[in-house]
Amino acid sequence: MRIGVLCSGGDSPGMNAAIRGAVLRGVDVHGFDMVGFMDGWRGFHEGEWIPLDRSTVRGLSPLGGVMLGTSRARPFVHGDGDESDMRVIRERMAEYGLDGFLLIGGNGTQTVAKMLNDAGIRAIGLPKTIDNDLGGTDYTFGFDTAVSIACEAVDRLRTTGESHRRCMVLEVMGRNAGWIALHAGMAGGAQVTLIPEHPESIEQICEWVLSVRNRGRSSLVVVAEGFKPTGFDDEVTREGLDGFGRPRLGGIAEVLAPLIESRTGIETRATVLGHVQRGGSPTAFDRVLATRTGLAAADAVKEGLWGTMMALRGDSIEFVSLEEAVSRLKTVPADRYEQARLNFG
Ligand code: F6P
């Protein structure tokens, strides 16, 4: 049996450990022949791949990034996954002697995995995203690493912010879900945490910042990149203008900071943490989760469980259907946000 491993979407700390786990179990225990495609679907379509065995995955667990490379290259060369696209994929698989795929990726990748399975092309999903917004699984590897980096940023911004009596606004990743902001904010004791699932008005945000000042403290505001304040014209933020109609310099933190400063009179600074959250060595938790995900994926191939995704449920890795994994985005529920709000203002 020949299995192709392919990574798609943004990288996530732990991807190397997942590949290592899948190869150690797949090649050494189950006797599969495994290959890795370079830079996601690009390598698949251009025939760029490497053999994967014990020697190619040696020492990978602590390494950030992903040794195969990843990209947002499209899997489908003609359309959005119609029969002619599937024909191209089947032809290439026949050319490479491939029996099935292990697809490491987030929501978009798992959706593709489902489409392939529905078209009779064997695929198994390994979930990864620092955003932790994939359905069907409790946590995705990469999230813990991103949170620990974001939390360190909160701690560091707090000391400089307090020294200057400034309000510090930290923007973290999270396009559609505010998990990183929620956890970093809660761990770091942020006075305001803003997430896409629960819009707040500029007035409310300023009220919290002022009430912190009234207690003699300085505010630490954590905002997820996908947050939009209520009452703000969506077009304004999308077009890249700040609240004053000036061109946006960066993310939502750079929209909020001047608004907070002008409305509260408190000097405010913005920090956009960006890709620092995705780079570098994974935490021990992510290495273990990713390794277990890889091991389980190789077992799923052995058992013929195509069309499933390896999901963390409690303390077990379970095989959930790709259908369940992609049917809904896992956003922050109201009760979790309520807990964070206890510290607001
Ligand atoms: O989906 C993961 C993620 O890190 C998001 O949080 C972020 O919006 C996006 O990827 C950034 O993508 P890119 O690296 O392509 O700019």
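Yeah, the Cβs are placed from backbone N, Cα and C, and that goes for glycine too.
Automatic prediction, not curation, is the source of TrEMBL annotations.
For the ATP site, TrEMBL lists Arg72, Ala73, Gly106, Asn107, Gly108, Thr109; matching the candidates Gly4, Gly10, Gly174, Gly178 against that entry yields Gly10. Just one of Arg122, Arg269 is listed by TrEMBL for the same substrate site as Thr129, Ile130, Asp131, Arg166, Met173, Gly174, Arg175, Glu225, His275, Val276, Gln277, Arg278, and that one is Arg269. Taking the binding-site residues Gly10, Gly106, Gly108 in turn, the residue surrounded by the fewest other Cβ atoms inside 10 Å of its Cβ turns out to be Gly108. Comparing C-alpha positions, Asp131 (active site, proton acceptor) sits nearest to Met173 among the binding-site residues Ala73, Thr109, Met173, Arg269, Val276. Counting Cβ atoms from all protein chains shown, Met173 (substrate binding site) has 25 others lying within 10 Å of its own Cβ. Taken residue by residue with DSSP, Asn107 (ATP binding site) is part of a helix.
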